[in-house]
Every structure is written in structure tokens, then in C-alpha cells.
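Step one of this worksheet: look at the structure below.
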Amino acid sequence: MFKGSMPALVTPFRNGELDLEALKRLVEWQIGEGSTGLVPVGTTGESPTLSHEEHETVVAEVVKAAAGRVPVIAGAGSNNTTEAIRFVQFAQRIGADAALVVTPYYNRPTQRGLIAHFTALHDCAEIPIVIYNIPGRSVVDMTPATMGALAKLPRIVGVKDATGDLARVSQQRASCGADFIQLSGEDATALGFNAHGGVGCISVTANVAPRLCAEFQQATLAGDYAKALDYQDRLMPLHEAIFIEPGLVGAKYALSKLGLCSEEVRSPLTGLEDSTKAAIDAAMKHAGLL
């Protein structure tokens with residue numbers, strides 16, 4: 001259903017407003033370069049700084065531009081269950097193929113609270129839901145046992161795992177079953193993630209290097225890890241450079257170098273230090289992008 005290289009899309013801005021023309025260009029470019037899905041309004045899409053109206057506009061524009069050519073997994077997370085229900089129901093109404101729902105952040109629910117939250121979202125709509133487990137940002141870590149309980153619900157179909165713990169893939173295969181879709185949320189470890197049983201990556205770097213990331217994923221899914229390692233060596237400096245500062249800022253800077261969108265971000269994020277720009281430039285050259 002969902003596999004391969006799927007960019008966690010940036011949200012382009014110009015003069016403080018959504019740049020929808022740039023967003024459409026990005027969607028066309030991503031599909032043309034081989035991305036197998038699109039994931040708007042996640043962390044990399046600056047969802048914390050989007051109004052509800054902007055959030056819904058971005059999802060609607062991406063669904064419209066994709067036009068069914070690749071699946072769209074719409075960001076729909078919140079630390080407020082009622083608000084998350086709104087986002088999931090909107091994603092369904094507008095025609096998204098699935099919703100990506102982060103574990104609630106800041107208010108630190110228990111595992112029982114996580115089950116209640118995701119069960120409510122499962123029951124509110126008919127589209128598949130992908131859990132987004134990123135304890136480094138949300139503070140709450142969904143355990144494999146909790147995920148296994150949720151995987152029994154028919155529309156809880158997978159996880160974007162950004163724990164950085166490769167053992168989790170095997171643990172979650174045991175608790176959720178081999179058909180549960182496991183997608184890496186961390187570019188640098190995506191090779192190992194797939195070797196453990198993952199089937200793709202919701203990627204920051206794929207914003208900038210979609211063809212390379214898509215071909216890397218194709219190699220891993222074909223079991224050609226020698227070829228995948230060649231791609232990994234080419235991409236690793238870029239994975240690292242993009243995340244010297246917040247990854248979405250690095251991705252937008254790199255996209256600006258390619259002429260695809262402005263590097264503008266919303267406060268409290270700021271533009272990159274010159275040293276970070278130089279590192280990204282060098283990594284893009286190493287990857288053959290410049």
C-alpha cells in the first residue's frame with residue numbers, strides 16, 4: 001500500500017504566505033523524479049506554524065496536484081484528540097489516501113491514553129492511519145506492545161518510526177505482524193531499517209534528492225544491498241548536512257539552490273548559518289545535485 005521513498009514535503013512560503021505555485025511545482029517534480037508517495041503538513045511541512053485553514057489548504061492542494069498518481073498521506077496529528085479527529089476527517093473528505101498521526105506531544109499521555117487517542121481516530125473515519133512515533137520530539141514513546149494492540153484495528157495500517165532504534169523494526173514485526181507497514185522516519189538509518197523488515201522511508205532528504213532516494217529504496221526493496229550501499233555513500237553527507245540545523249530549514253535551503261522554492265521559514269525557525277550552507281552545498285555536490 002505505502003512503500004518506497006515518500007518525501008515529508010516542505011511547505012513553501014513567500015513573504016509570509018503560502019506559496020501554492022511553488023507547492024504545485026514541488027509535487028510535479030517529486031512525482032516525475034520517482035517518489036512513491038507524498039506526505040504534506042508533517043514536521044518538515046512546518047505544521048506547528050500553520051493555521052488550521054493553511055493546514056487544510058496545503059493538504060487539498062497536494063491531493064489535487066497529485067491527482068491520484070501517487071498516494072498522499074496527510075499529516076493529521078495533534079495533542080488534542082478532538083483536533084486530530086478534525087484533521088483526519090478533513091483528509092478523508094478531501095481525498096487523501098491516509099492520515100499520518102503523531103503521538104500526542106507535550107501533555108505526555110500514558111500508553112493507555114495512546115490507545116484511546118488512536119482508537120478514537122480509527123473510529124472517526126474510513127481512511128487508513130499511519131502512526132508517527134517520534135519520541136525525540138513528542139517525548140512519549142509508543143511501545144511495541146501498544147502498537148501491537150492498535151494494529152489489531154483494521155485501519156491502523158503502519159508506522160513512521162523515528163525512534164532511531166533499528167531493533168524496533170523486528171520488535172514491531174513480532175507485535176504487529178509482518179504485514180504491518182513500517183516506514184523509517186530517519187534518512188541516515190533507512191538502509192538498516194529496511195534490512196530489518198521496513199518497506200520505505202518518509203524522508204526529509206527526498207525533498208532535495210528524490211530520484212536518488214527513490215532508487216535507493218528500490219534497491220533495498222529488491223534486496224540489492226550492495227547497490228543500496230552505493231546510494232547510501234552518496235547520500236549520507238547530505239543526510240548529515242541537512243540536519244546540522246533543523247532539517248526542514250536545510251531542505252528549503254537546498255531546494256532554493258535548485259530553484260524550486262524559497263528558503264523562507266516561519267519564526268521561531270531562522271535561516272541557516274553560512275557554515276551550514278557551505279556544508280549543504282558540498283554535500284549536494286558530492287551527491288551530484290549541483
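Using the three backbone atoms N, Cα and C, a Cβ is placed for every residue, glycine included.
The active site, proton donor/acceptor annotation in Swiss-Prot covers TYR132 and rests on sequence analysis. The DSSP secondary structure for TYR132 (active site, proton donor/acceptor) is strand. For TYR132 (active site, proton donor/acceptor), the number of other Cβ atoms no farther than 10 Å from its own Cβ, over all displayed protein chains, is 28.
Positions annotated as active site, schiff-base intermediate with substrate by Swiss-Prot: LYS160. Look at LYS160 (active site, schiff-base intermediate with substrate): DSSP puts it in a strand.
Per Swiss-Prot, pyruvate binding site is recorded for THR44, ILE202, and the stated evidence type is sequence analysis. Here the Cβ of ILE202 (pyruvate binding site) has 30 other Cβ atoms within 10 Å, regardless of which shown protein chain they belong to. According to DSSP, ILE202 (pyruvate binding site) is assigned to a strand segment.
Look at Swiss-Prot and you will find THR43 (among others) tagged as site 'Part of a proton relay during catalysis', backed by sequence analysis. Within the same chain, residues at least six positions away from THR43 (site 'Part of a proton relay during catalysis') with a Cβ under 8 Å of its Cβ are ALA8, VAL102, ILE134, ARG137, LEU248.
Within 10 Å of the C-beta of TYR106 (site 'Part of a proton relay during catalysis') we count 9 further C-beta atoms, all protein chains included. What Swiss-Prot lists as site 'Part of a proton relay during catalysis' is TYR106 (among others), and the listing cites sequence analysis.
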Using Cα positions only, nearest of the recorded positions to LYS160 (active site, schiff-base intermediate with substrate) (THR44, TYR132, ILE202): TYR132
Cα proximity to TYR106 (site 'Part of a proton relay during catalysis'), best match among recorded positions THR44, TYR132, ILE202: TYR132
Number of other Cβ atoms within 10 Å of the Cβ of THR44 (pyruvate binding site) across all protein chains: 25
